[in-house]
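Read through the structure below, which is laid out as structure tokens, and then see the notes.
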Amino acid sequence: MSPGNEDKAMFPTKRLRRLRRTPALRALMNETQVTLDDLIYPIFVEEELDAPAPIESMPGVFRIPESGLTAEVQRIADLGIRAILLFGVSRHKDATGSDSMKDEGLVGRMVRTAKDAAPDILVIADVCFCEFTDHGHCGVIHDGDVDNDATLDNLIEQTLVAARAGVDIIAPSGMMDGTIATLRDALDGEGFTNTPIMAYSTKFASAFYGPFREAAGTTLKGDRKTYQMQPGNRREGLLESIEDEAEGADILMVKPGMPYLDILADIRRETLLPLCVYQVSGEYSMIKFAGQAGALDEDAVMLESLTAFKRAGADLIITYFAPKFAELSQKA
Ligand SMILES: [Zn+2]
């Protein structure tokens, strides 16, 4: 561009507000649209529970009794939500999380029930051990730390339980090294070549998970800092996702969401794979409680937060707001 043209492009000739004048202009110029098709709804399923149990730290979210899972999945499907992510709340915990490795355990039962309830809904299984171990860590403990490779052996078992139960997508969340290559190999070896793996590829040891602990009934003492990432590490965040792509992940993920949009944008520039973001329990609760206190407009802030994820590069969004978004979409 010649210097003359550059001069002409400047104020008062150039006025960016021209394209913001009316709702129709703004709609035409809109760069980022969130739709219900982008959203994944997490469901907490508790065995031996009689009625839905409200999660006090997450207003509007309940632990669903296993006996009520069929009705809940049908309700979610009727809202137009296309995908759910299942978390088991176990009453049969032990040192290894053995219940999750049995075909008749909670993981297998949840997946079968959800698929039967609404065959068209995508059922994603979060595969990890923290909801099934009595110590609350994401794997087997040796010498006071989670043993990476021993955990992978068990993760194969849990993954195959979910696969045999008919799961649509496997989502390993434990941040063990070598998870994706190990699970891809195991799935392919058993004929599940069409089962995609959504990697929790870049997952931080975040204080924003606080309300989830109540929701999932985890009994963790201490922290997960030897396997989840430290919040200040941007380059390492990229490295983790690049590594999972190389191991064969089908979908990558950043977790949490709002405090890590820079990481999301970094990974978007480095991969052609679909990218998911997890708007975690603490992000949800902050918006809910601020809305209840009258400090924020909950619906507007929810929409803005989801839009920000897509703008930063997410294709899929895991969010506890999915039913709320669906209801607002139906009204609109
Ligand atoms: Zn875990």
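Glycine residues also receive a Cβ, built from the backbone N, Cα and C atoms like all the rest.
Those TrEMBL annotations? Automatic predictions, nothing curated.
As recorded in TrEMBL, the features of this protein are as follows:
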type	residues	note
BINDING	Cys128, Cys130, Cys138	Zn(2+) binding site
ACT_SITE	Lys203	active site, schiff-base intermediate with substrate
BINDING	Arg213, Arg224	5-aminolevulinate 1 binding site
BINDING	Glu240	Mg(2+) binding site
ACT_SITE	Lys255	active site, schiff-base intermediate with substrate
BINDING	Ser281, Tyr320	5-aminolevulinate 2 binding site
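Same-chain residues that are not part of Cys128, Cys130, Cys138 yet have a Cβ within 8 Å of the Cβ center of the Zn(2+) site turn out to be Phe129, Glu131, Thr133, His137, Gly139, Ser173, Gly174. Burial estimate for the recorded positions (Arg213, Arg224, Lys255): highest at Lys255, by number of other CB atoms within 10 Å.
When the C-alpha distances from Arg224 (5-aminolevulinate 1 binding site) to the recorded positions Cys130, Lys255, Tyr320 are tabulated, the minimum falls on Cys130. A strand conformation is recorded for Lys255 (active site, schiff-base intermediate with substrate) in the three-state DSSP classification. Only Cys130 of the binding-site residues listed as Cys130, Arg213, Arg224, Ser281 bring a Cβ under 6 Å of any atom of ligand 1; the order follows the sequence. Mapped onto three states, the DSSP output places the residue listed as 'Mg(2+) binding site' in helix. Within 10 Å of the C-beta of Tyr320 (5-aminolevulinate 2 binding site) we count 26 further C-beta atoms, all protein chains included. If you take the CA of Arg213 (5-aminolevulinate 1 binding site) and look 10 A around it, the recorded positions you hit from Cys128, Cys138, Lys203, Lys255, Ser281, Tyr320 are Ser281. When secondary structure is read from DSSP and collapsed to three states, Tyr320 (5-aminolevulinate 2 binding site) falls in the coil class. Taking Cβ-Cβ distances under 8 Å and a sequence separation of 6 or more, the neighbours of Lys203 (active site, schiff-base intermediate with substrate) in its chain are Ser173, Met175, Gln228, Met229, Glu240, Met253, Val254, Lys255.
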